[in-house]
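Written below as structure tokens is the structure these notes are about.
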């Protein structure tokens, strides 16, 4: 085989044996025994093969449905703690995909959707749990922010845009999208502004809940192809949302007060009051674990919306020890990610134990949970990552407690075993 663009030997004009284009109309013409193929036909063949592989792969994936134990084990590899939430999620997700495989109706019994509501403070791992589950099942995953959603016809994001995001993740393959997972964050922010139904239109609160009802329960959503705007003459992609798993999450700040009020009704004041000391006070996570549908209604979610989210899991606040584990133990731990970046420069990165403790303490003081860890580590290593590509002979960088506290720069170790501070001390 060989490349032919100009046939200088014979002066004969060559043509692609497949599309008939001449050598002057294409970039490359590949020659075989009395046969020629152009680069455009090669690209077309590659596209056809890729499409066929894409059609076969979902069928292969459906053959293997991980058990709840296997799903939990996969979550353990990437998410620290939250044992109860992992168990609840593993069972709900397993049941959902079992329902898809075997049909929604079994022996005349209609199987309901097991959509999930996650309650937990900021940075406790709600998004990561949903993302990790989608990755372990090899299904499309899309995330939406409930605060940007409004009812159709108002300024803001239409709820059907959520399905559009899911389609984008799988190249507008409807069949694949219908097996996907959608995570809607900040769901507590669309709560009704008061307990009583309002006479005015609440387009970003109760209105969004009403708009999400059908989508979460199951409807055929009409989505413009390739993300275009809707217009009457357009053909829409029809997506059956009854097969999509919806996971909604939120911090639900203040919900614990609603639960406490219900739990202690009639015993809060007077001579008959139950006196509790500081040691008897339950944590917010312990209180949230006692949540009932009535509490969520009082918080501002409408009963119909709560009914569409039958599985409720509560995540606990992360303490300092958990944050230290998150920094170093998961498969994609932050310290491992930054070590991999430094390895690309042939530099070893070491975080000492006191540095990990100091980073965790800083995140605790900021009250951002695990979400704030990356920004702390990034700021610590910024100058070092800026200098190292231009600095010769560095083989190791060491981060200790003093670096995290801003008292010194990371220690750089050079090939000649001379140790210097990253501040450029020569």
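Glycine is no exception: its Cβ is also placed from the backbone N, Cα and C atoms.
Since we're looking at a predicted model, the values are computed, not measured.
Summarising the annotation, Swiss-Prot assigns Zn(2+) binding site to 16, 19, 38, 41 and lists sequence analysis as the type of evidence. Cβ neighbour count for residue 41 (Zn(2+) binding site) (all protein chains, 10 Å cutoff from its Cβ): 18.
Residues or ranges marked as ATP binding site in Swiss-Prot: 121, 122, 123, 124, 125, 126, 127, 128. Note on residue 121 (ATP binding site): other Cβ atoms within 10 Å of its Cβ, all shown chains, come to 20.
If you look up Swiss-Prot, you'll see 4-57 marked as domain 'ClpX-type ZB'.
Most other Cβ atoms within 10 A: among the binding-site residues 124, 127, that distinction falls to 124. The number of other Cβ atoms within 10 Å of the Cβ belonging to residue 16 (Zn(2+) binding site), over all protein chains shown, comes to 21. When the binding-site residues 123, 125, 128 are ranked by how far their Cα is from the Cα of residue 38 (Zn(2+) binding site), 128 comes first. Residue 121 (ATP binding site) sits 54 Å from residue 41 (Zn(2+) binding site), taking the Cα positions as reference. Within 8 Å of the centroid of the Cβ atoms of 16, 19, 38, 41, where the record puts Zn(2+), the same chain has further Cβ atoms from 17, 18, 20, 21, 26, 29, 36, 37, 39, 40, 42.
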